[in-house]
Every structure is written in structure tokens, then in C-alpha cells.
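Just below is one structure, and these are the notes that go with it.
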Amino acid sequence: MVNDLTPHFEDVQAHYDLSDDFFRLFLDPTQTYSCAHFEREDMTLEEAQIAKIDLALGKLGLQPGMTLLDIGCGWGATMRRAIAQYDVNVVGLTLSKNQAAHVQKSFDEMDTPRDRRVLLAGWEQFNEPVDRIVSIGAFEHFGHDRHADFFARAHKILPPDGVLLLHTITGLTRQQMVDHGLPLTLWLARFLKFIATEIFPGGQPPTIEMVEEQSAKTGFTLTRRQSLQPHYARTLDLWAEALQEHKSEAIAIQSEEVYERYMKYLTGCAKLFRVGYIDVNQFTLAK
């Protein structure tokens, strides 16, 4: 266990508080910034993002009146979908000021009797009991040294029949790359350093084994693991295409340097998923 459980506000805000207008140039209308799920070949990105959200929510066993905690809630699409489809109360946690403001505004505009809150806070600061937990694309930012604490906190605030749906990018150890026949190239080393320093400071994707072992130690039972690897390559391709189509606007909102950096990130990550250096998995963890 680590002693300093202060959320990584600066690391997260360095990326996610760049500019909502900039992200809107390449994200779908739901502003979902994670892997989509293309159930059908003819799906639009928006349809595939909603399908991914439905895939995650469908694994939780939600019932009307339950309270769902969304850790790393982004711009709120998962919570709004949960209210609409499952009639549940929601609490969202984000470390991004821009996201918190966006979610609060969208909540204020909703016509529903269900409770809905968004907090500018990390899981480290949240101790309220909830019925279910979903976390999509946030675990990668926690750091390996906080995995045990995260699972302990999730286990503590869930009821005896509670479920945690963890959707996270997963990586390979150097030895696993060798075992899979993946070349350890200079490009790979440089690109991973670029991602860690210029795109997601503090980001540390876990291995599949890390998630399975740490969650089990806390008392969770893994009931299902589902890989969406090819879906993330396609998602990133579509983001890169959209950003390229809006190049002039992107440069006007930010700069040419930021535009080029994001194009390098999106196209490079698509390659990593396509070749198999990284994966993305949904872990269904029952208490």
C-alpha cells in the first residue's frame, strides 16, 4: 500500500484539459474517448461507442434504483446512457476540470428524477457505498503502485453482490513481447517514451496478469475477460482521419505542434494495437 493517495490531478489535466473544442474535432458526438465496439461493419463511430458503453453496462447486472459509480467518467456518456437504459442513480469521478463542467451542464439539462452527481475527485477520495462500479479508460492512469489500493477501495464500497467492470488498455512485458515474436525495435522504444512523456504523463498500462492477480488478492472473482484489440485500432484510425480532416481548425484552436503530436500519437497507437504490442480488455469482476 502507498502512503500518499493524492489523485494524479496534474498528469490527467495535462492531457484532458487541453481543450474540449480540440477533442470535439476528432471524437464522435458522444465525446467518448476510449475504444469503440464495432458490432457490425457498417456502424458509425458514434454507434460503435454506444455499443461499447452498452457492452460494459450490460455486464454489471444493473437494476432500477441502484447507484452506479463511474470512475474516470470522461464527458459523461456512460452515465447518461445508464440513466436512460437502466434507470439508475449515478456518481461520476473525474480529475479533469473541463470534463466535470461539461458533465454538470449535461446533468442539469436532463429531465430525470434520478440522482446524478459529478465530482472533481479521484477514487482515492471517494468512500460512499455504491451498488456497481464501471471504469473505462482510467485504470491506465492510476500507476502500478496503486492497483492494490484501488481494488481494495472498490471492494470496500461495493455490496456483497457487487460488480466492478474494468475496461483498460493492457500491455506486455519485454519477455512476453519476445515470446509473442514481436520485435523490440528502436521505433517502439522511442514511441513508448513519446507517449509516456508527451501524451499521457504518468500513464502505466497494466498487464492482464496484474489485473487478474491484484483483483483476486482483494477478493474479486474474474467472471469474464473480453479483448477489444482490433476495435481500438479501428477507433484510432477514425480519430486520426477526423483530426486530419480538421487540420486547419486544430491548428487554429491549438497549434501545428499539437496537431502533429496528436497525429503521431493516434496513428502510432493504431499500429501498436494492430500488431499486438498492446491490447484493451474488459474485466468483469464480481465481489
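Even glycines carry a Cβ here, placed using N, Cα and C.
Sequence-distant neighbours of Cys269 (active site) (same chain, six or more apart, CB under 8 Å from its CB) are Ile195, Tyr232, Leu236, Ile278, listed in sequence order. Under the heading active site, Swiss-Prot lists Cys269, citing similarity to another entry as support.
Residues or ranges marked as S-adenosyl-L-methionine binding site in Swiss-Prot (evidence: experimental evidence): Tyr33, Ser34, Gly72, Cys73, Gly74, Thr94, Leu95, Ser96, Lys97, Asn98, Gln99, Trp123, Glu124, Ile136. Classification of Leu95 (S-adenosyl-L-methionine binding site) by DSSP places it in coil, neither helical nor stranded.
Under the heading N-acetylvaline, Swiss-Prot lists Val2.
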If you draw a 10 Å sphere around the Cβ of Tyr33 (S-adenosyl-L-methionine binding site), how many other Cβ atoms fall inside it, taking every protein chain shown into account?
20
